[in-house]
Amino acid sequence: MSMTDLLGAEDIKKAVGVFTAVDSFDYKKFFQMVGLKKKSPDDIKKVFHILDKDKSGFIEEDELGFILKGFYPDARDLSVTETKMLMAAGDKNGDGKIDVDEFFSLVAES
């Protein structure tokens, strides 16, 4: 399954384009722009599993750095600052990774 099976390709491309500048990424705005906020819990879970590249059941910090590429392969990597800010926002229990429930919370906040 690919991201475009769940979200509109044009919405993804437009959202990625808004955040091309380093240190411009805003996950709340991004999730809204790609339409993730409007998706069912099942679809949000599917997006989580696409972003969980190593299939560990968690999105770790190194995977977060490539989150935009999970939506659009030609997208940029997040900066270290952006990655750390996203981890801080998503890692509610402080274990250094984001599980599916924490991902739901991130999307719900957007």
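Along the chain as shown, the residues are counted starting at 1.
Positions of Cβ are set from backbone N, Cα and C atoms, glycine also.
Keep in mind that TrEMBL annotations are predicted by a computer and have not been checked by a curator.
According to TrEMBL, the feature Ca(2+) 1 binding site maps to D52, D54, S56, F58, E63. Proximity of F58 (Ca(2+) 1 binding site) to non-local residues of its own chain (separation of 6 or more, Cβ distance below 8 Å) is seen for D52, K97, I98, D99, given in sequence order.
Marked as Ca(2+) 2 binding site by TrEMBL: D91, D95, K97, E102. E102 (Ca(2+) 2 binding site) has a Cβ environment of 19 other Cβ atoms inside 10 Å.
As annotated by TrEMBL, domain 'EF-hand' applies to 39-74 (among others). Remote same-chain residues near the domain 'EF-hand' (39-74) are listed as 1-3, 6-7, 12-13, 15-16, 19, 25, 80, 83-84, 86-87, 90, 96-100, 103-104, 107 (criterion: CB distance under 8 Å, separation of at least six residues from the stretch ends).
Away from its own ends, the domain 'EF-hand' (78-110) comes close to residues 22-23, 25, 27-32, 36-37, 39, 41, 44-45, 47-48, 51, 56-61, 64-68 of its chain (Cβ-Cβ under 8 Å, at least six residues beyond either end). Among the features that TrEMBL reports, domain 'EF-hand' is placed at 78-110 (among others).
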D52, D54, S56, F58, E63 excluded, remaining Cβ within 8 Å of their centroid (Ca(2+) 1)
K53, K55, G57, I59, E60, K97
Count up the helix, strand and coil residues in the domain 'EF-hand' (78-110) according to DSSP, in that order.
21 helix, 2 strand, 10 coil
